[in-house]
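Chemist: According to TrEMBL, the protein carries these features:
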TRANSMEM  24-50  transmembrane segment
DOMAIN    42-293  domain 'G-protein coupled receptors family 1 profile'
TRANSMEM  62-88  transmembrane segment
TRANSMEM  100-121  transmembrane segment
TRANSMEM  142-164  transmembrane segment
TRANSMEM  197-222  transmembrane segment
TRANSMEM  243-264  transmembrane segment
TRANSMEM  276-295  transmembrane segment
Amino acid sequence: WEFNGSFYQPSAFLMMGIPGLEGLHHWISIPFCTLYLIALLGNCMILFIIKKTQSLHEPMYYFLSMLAVTDLGLVLCTLPTTLGIFWFNMRRIGFDACLTQMYFIHILSFIESSVLLAMAFDRFIAISHPLRHSSILTKKTVIKIGLAIILRGMVSLLPIPFLLKRLTYCGKTELSHSFCFHPDIMNLACADIKVNVFYGMIILLSTVGMDFIFIVLSYILIIKTVISLATKEECLKALNTCVSHICAVLVFFIPMIGLSMIHRFGKNVPPLVNTLVAYTYLIIPPALNPIIYSIKSSHIREALLRALRRKSE
């Protein structure tokens, strides 16, 4: 403990694995390793294929590349501490290291939300204004959107570590997960956390909440456009280009909303449920997104098959 007058700050926190199943951590690590491996290889494969395939150098796949990089970042943020607990029971994490991990996890989550919104906008333009799509979403515009997304995440979350460092902590230092999460750290403080709660809610609603609303509005406009198309075949073809994105949105937002609700209102939720929702939120989307896009996108699938044929030759 670091002591400074009446101000107390722990030198470290203790992370939690899966409550009640500590004796099975070595076995539980097998599916986690599998998911991490799928996420790492799958997202690297998506980036490699898009880079090497000239026909994929268009806005939809630029945004998909951003999604893959974000997913890789999320995996690399949580992998060391999660597998450290499962393999070596390394539960201790320094206070500053915990705040750093928390900051990057939240930034990458916010970036992923914004990238999914950008992808929804891309689908709306492609379906509603196909002739103007390339002139609206130029390469320079896509780069500007990407930089704006990163800047918004970094700036909006910058005060969070400082708001946590100003708090006094006492007694309990055990986190609920194998990674650092803002509500989890905040609830260990024995000081007034109203500012943290208020700022956290405002930022969450004004970023991820607004992203989700605009994604829904984009699809309402897309459906209106699709309904106006002449033939059933055209409708199905237009909607088929959105299926993989809709799956990615659901895979990301459902567990994220669930975890946020549990941390704020689920006082009586069993710890195991809390832990499983958290792992679903941070590990499942990075592992599933490459699979979803590889299965549903014929361009990605064909480029992958061509790359495999060249290697076999």
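Every residue, even glycine, has its Cβ placed from backbone N, Cα and C.
Any idea what these are sitting next to in the structure?
Modeler: Each residue in the domain 'G-protein coupled receptors family 1 profile' (42-293) has a pLDDT score, and their mean in this model is 90.
If one looks beyond the transmembrane segment (62-88) by at least 6 residues along the same chain, the residues whose Cβ comes under 8 Å of a Cβ in the stretch are 15-17, 25-26, 28-29, 32-33, 36, 39-40, 43-44, 46-47, 50-51, 101, 104-105, 108-109, 111-112, 115-116, 118-119, 122, 139, 142, 146, 149, 178-179, 248, 282-283, 285-286, 289-290, 293.
Long-range contacts of the transmembrane segment (100-121) within the same chain, counting only residues at least 6 positions beyond its ends with a Cβ under 8 Å from a Cβ of the stretch, are 60, 63-64, 66-67, 70-71, 73-74, 77-78, 81, 93, 145, 149-150, 152-154, 156-157, 160-161, 164, 179-182, 185, 207-208, 211-212, 214-215, 218-219, 245, 248-249, 252-253, 256, 282, 285.
Beyond the transmembrane segment (243-264), the same-chain residues lying 6 or more positions past its ends with a Cβ under 8 Å from any Cβ of the stretch are 67, 109, 112-113, 116, 119-120, 123, 181, 183-184, 187, 201, 204, 208, 212, 215, 219, 273-274, 277-278, 280-281, 284-285, 288-289, 292-293, 295-297.
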Chemist: Can you work out whether the transmembrane segment (197-222) touches the transmembrane segment (142-164), with the criterion being 3+ CB pairs under 8 Å where the paired residues are 6 or more apart along the chain?
Modeler: yes
Chemist: Using a Cβ cut-off under 8 Å, which residues of the same chain at least 6 positions beyond either end of the transmembrane segment (142-164) come close to it?
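Modeler: Same-chain contacts beyond the flanks: 59, 62-63, 66, 99-100, 102-103, 106-108, 110-111, 114-115, 118, 182, 185-186, 189, 195-196, 199-200, 203, 206-207.
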Chemist: With a Cβ cut-off under 8 Å, give me the same-chain residues at least six positions beyond the ends of the transmembrane segment (24-50) that come close to it.
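Modeler: For the transmembrane segment (24-50), the nonlocal Cβ contacts are 17-18, 56-57, 61-62, 64-65, 68-69, 71-72, 75, 79, 82-83, 85-87, 89, 279, 283-284, 286-287, 289-291, 293-294, 300, 303-304, 307.
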